[in-house]
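Asker: Below is the structure I would like to discuss, written out as structure tokens.
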């Protein structure tokens with residue numbers, strides 16, 4: 001009636017040899033791999049598999065929703081850093097192109113005008129600076145027909161380049177002033193008062209940095225100049241009026257006092273002119289921001305007033 005059980009072979013039984021292993025290194029485990037490793041294999045428990053599937057479908061959207069703002073913030077920070085690097089590189093290229101146009105233009109102008117009269121290189125260099133900055137003192141000017149054609153072409157190329165460069169520098173300085181305004185004048189609620197204070201500080205600091213201090217330096221370096229002469233020359237130069245009655249370094253530019261220090265002085269004068277022109281450019285940017293901002297504020301106030309009238 002009962003069949004005998006099959007005999008079980010218990011001997012010889014080979015015990016597997018375990019190899020000595022060092023301490024296991026922890027490996028990074030993702031949530032997906034952990035869910036896969038925990039999920040039952042085969043057809044042992046389909047109910048548990050469906051439960052984990054539902055858990056996975058509910059959990060991953062929540063994790064994505066939590067991680068999405070962080071990924072967006074990281075991408076936005078990376079984009080802002082890239083934009084800042086691009087703007088810095090653009091400004092550096094503009095400034096380098098501007099000075100390169102001075103040196104190359106001076107060499108071309110010297111080669112053209114030297115056939116008619118002897119022209120020094122730094123005389124041509126300062127001529128290119130006065131043409132680009134539209135100062136035009138008038139003591140260095142083209143005589144030949146080729147020099148006049150070159151002046152027309154050179155002005156058409158370098159003046160827009162200078163305007164773009166000054167606009168970028170003015171925008172960066174205005175942004176720095178805006179950051180200082182937010183830190184120092186953040187508690188001042190009146191926007192008009194804040195703008196008045198910022199413009200006043202910028203104007204007075206520019207007068208000191210670009211007019212008073214350079215005026216004193218010009219008085220010390222130029223012969224027979226009073227402080228009023230130096231201050232007057234600085235203002236006429238930065239306002240691009242350029243009468244030509246007082247010109248710093250005239251004896252050096254015309255070759256009456258030619259030396260290495262005189263050449264350095266001429267280059268320093270060109271750098272002072274370019275840096276000084278950024279001061280009114282910054283004031284223009286601040287004024288434009290204020291005017292456009294005030295228009296936006298007035299439009300917003302009008303919309304709010306209309307909404308209140310309709311509600312009443």
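Residue numbering: from 1, along the chain as shown.
Glycine too: its Cβ is placed from the backbone N, Cα and C atoms.
As annotated by TrEMBL, region 'Disordered' applies to 14-50. Per TrEMBL, compositional bias 'Low complexity' is recorded for 27-41. If you look up TrEMBL, you'll see 91-112, 149-167, 195-218, 230-256, 263-287 marked as transmembrane segment. Under the heading domain 'Potassium channel', TrEMBL lists 99-173, 207-253.
In terms of burial and nearby residues, how do these features look in this structure?
Answerer: Summarised by DSSP class, the composition of the domain 'Potassium channel' (99-173) is 56 helix, 0 strand, 19 coil.
Remote same-chain partners of the transmembrane segment (149-167), defined as residues 6 or more beyond its termini with a Cβ less than 8 Å from a stretch Cβ, comprise 91, 94-95, 97-98, 101, 105, 108-109, 112, 128, 131-134, 142, 274, 277-278, 281, 285.
Within its own chain, the transmembrane segment (195-218) has Cβ neighbours under 8 Å at 177, 181, 185, 188, 225, 227, 229-235, 238, 248, 272, 275-276, 279, 282-283, 286-287, 290, counting only residues six or more beyond its boundaries.
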Asker: For the transmembrane segment (263-287), could you work out the same-chain residues 6 or more beyond its ends whose Cβ comes under 8 Å from its Cβ atoms?
Answerer: 98, 102, 122, 125-126, 129, 133, 135, 162, 166-167, 169-171, 173-174, 177, 195, 198-199, 202-203, 206, 209-210, 214, 221, 234, 237-240, 248-249, 252-253
